[in-house]
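Features reported for this protein in Swiss-Prot:
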BINDING   267, 439  ATP binding site
BINDING   589, 590, 591, 629, 636  acetyl-CoA binding site
DOMAIN    473-662  domain 'N-acetyltransferase'
């Protein structure tokens with residue numbers, strides 16, 4: 001069916017009265033007609049310095065809303081929108097909406113004209129960027145994105161993707177020539193001592209502006225009515241094609257009403273896969289953003305709950321509660337469609353729990369969900385959950401892992417590389433990938449623009465046999481890339497660099513790219529093969545060199561942005577002088593996924609240390625989620641652990657460790673002092689704060705690159721010594737001599753390199769039973785032996801240690 005996309009006389013007369021050129025109206029009509037005909041989005045960027053740009057957006061968006069209202073029924077008939085979506089939904093996003101703010105004034109200028117033209121069948125939601133969590137899982141017809149002052153790249157990714165096919169996006173921007181050289185609120189957040197705002201770069205904004213001009217489907221006008229980039233030809237009608245029919249299986253276990261909610265064949269496949277879960281099993285679902293993945297999972301969860309024909313508990317988890325709003329919303333819609341009256345529990349405006357007769361869905365953080373008893377476990381945005389936590393759900397009777405491959409929370413092949421490979425060894429499961437977009441048609445130009453500007457689909461370079469030979473021979477060199485060149489000239493190296501992070505790290509956000517682009521203290525390093533290919537990516541932050549006045553403030557609680565390691569050393573180790581020293585904090589280091597475990601990471605650290613030494617720096621350090629693999633990597637590369645966070649990260653389920661390696665003699669004294677202090681603390685923390693820390697991790701935290709024993713006096717009374725003799729001679733039991741055993745075990749862990757040899761199992765036993773005070777039953781499970789065997793083993797270990805340290809205590 002062909003529809004007219006032409007603003008009526010009333011709109012044209014009003015626009016004329018407001019001095020809007022007819023050519024600008026025609027440009028907007030054309031953009032809307034193109035969007036409707038292709039079921040894509042179109043974007044109109046309005047450059048300007050005054051409220052006029054917001055007024056112009058109000059007129060153009062109001063006129064567009066009026067046209068869309070007139071064809072709503074037709075869009076529903078063509079299955080381009082749900083029957084429940086019977087209003088034109090408009091989103092206005094800005095940096096501030098408080099009284100007397102410029103953001104508020106622009107919003108009011110927009111509404112003044114929009115409300116006159118849009119008609120009554122329209123709903124406008126205004127949000128600040130801080131509250132964009134409120135819109136996740138929702139869909140809009142028109143978006144007005146006010147980027148006049150502040151925005152973060154994360155906001156950009158999240159907001160743009162809420163607009164459906166057939167919709168328009170209006171961007172309020174400064175004149176490009178001015179914007180290129182402006183600092184935004186995001187830039188101000190990057191200032192850290194000793195830097196000032198003048199040191200902040202503007203690479204990201206310049207890239208964004210360039211991408212507006214490069215991509216199709218984006219038109220640029222000025223608030224004065226000049227078209228800087230316009231369609232090749234005008235268009236005032238659109239042939240609206242129906243969404244292709246989706247065949248519903250003749251025989252279904254779930255109610256047909258649920259299948260009727262599916263808009264693509266991919267969604268039908270997901271529902272069929274959920275039917276198979278009735279008998280138990282595991283489903284892995286991947287998709288690019290906007291493919292209806294979370295929607296399908298929400299509908300499927302309700303179908304499964306009904307098919308089980310019993311009281312059903314469903315645990316839903318994801319990195320953040322925001323991630324599962326579409327899932328909850330469509331689960332609720334599915335229940336309503338079947339005649340239920342669901343009860344919703346919200347937290348800060350977000351759905352957290354959903355209940356209907358004998359059915360309950362509840363969100364838990366990833367590190368808590370697996371501990372709950374349930375009939376189905378759903379892990380949405382699973383690529384954002386740390387791999388050890390993903391494994392905790394693997395043995396559940398029914399489990400669904402669902403993940404975005406590309407998108408603002410994407411993880412490339414990382415999810416497959418890091419998790420699925422190991423999961424296949426443990427159990428069979430069904431894999432589904434959803435290709436067909438649901439919110440808009442394929443090849444949407446705005447999606448292409450977004451993926452390009454935010455590097456959401458960046459991939460590392462492909463490696464050949466010749467490359468692996470170079471890797472084997474370590475024919476590599478470390479280089480500081482020219483970030484001006486990378487960002488301004490859109491070098492392939494930038495995509496390869498970011499691509500390594502996307503595949504290797506469990507969580508990537510667009511702001512990471514902007515941080516690299518603009519933060520004055522952030523730099524990149526790459527490990528290249530002799531032929532120039534990037535195999536290891538390093539992002540570093542220059543820290544330290546902090547003025548004395550700021551250090552005094554830090555000691556009293558002030559937290560300077562960006563100086564994570566100096567701040568920790570001042571607050572936790574009272575080493576104010578450390579904040580004066582300069583060093584590199586390694587923010588992220590990752591190796592090409594096809595070249596892992598070949599020593600490239602260690603080689604990169606070796607070369608970075610050499611560079612730091614030549615530049616006269618004092619230290620190199622890093623902070624990371626403490627897994628056994630990572631702590632071992634840093635310790636084996638000569639780094640000393642100086643801090644461990646008291647609580648686990650709710651998403652990764654890991655404690656954060658901070659490690660340091662001294663370069664200067666001044667730094668060596670301070671870092672050794674901090675490392676000694678940390679080891680002393682850890683012997684106590686393991687029985688309290690870190691009682692649940694995995695012993696295989698704790699074991700590596702005690703390792704030291706300094707090789708010396710901690711100067712920590714251990715005192716045993718004569719009676720305690722006699723009782724230790726009695727214990728090792730099988731006269732007394734362990735439980736009666738714990739007070740005497742613990743100091744000896746502490747001595748062992750605080751000792752230097754010249755200490756008695758214990759194997760890995762024995763070390764874990766001492767940590768788990770003595771320092772963490774777990775029961776004999778739990779300890780026996782840890783080493784997969786009987787309790788009696790475990791008791792004998794512990795006695796034997798203590799006998800050897802007591803024999804060694806007895807002489808030292810006499811001395």
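The backbone N, Cα and C atoms fix where each Cβ goes, and this holds for glycine too.
Annotated features taken from Swiss-Prot, shown on the structure.
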| residue | record | Cβ contacts under 8 Å, 6 or more apart |
| --- | --- | --- |
| 267 | ATP binding site | 246, 261, 292, 295, 296, 299, 434, 438 |
| 439 | ATP binding site | 139, 161, 163, 164, 165, 290, 292 |
| 589 | acetyl-CoA binding site | 536, 537, 538, 539, 601, 604, 605, 622 |
| 591 | acetyl-CoA binding site | 500, 504, 535, 536, 537, 598, 600, 601, 604 |
| 629 | acetyl-CoA binding site | none |
| 636 | acetyl-CoA binding site | 602 |
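Across the domain 'N-acetyltransferase' (473-662), mean pLDDT in this model comes to 94. DSSP classifies residue 590 (acetyl-CoA binding site) as strand under the three-state reduction. Looking at the residues that bind acetyl-CoA per the record, 589, 590, 591, 629, 636, the two CA atoms farthest apart are separated by 17 Å.
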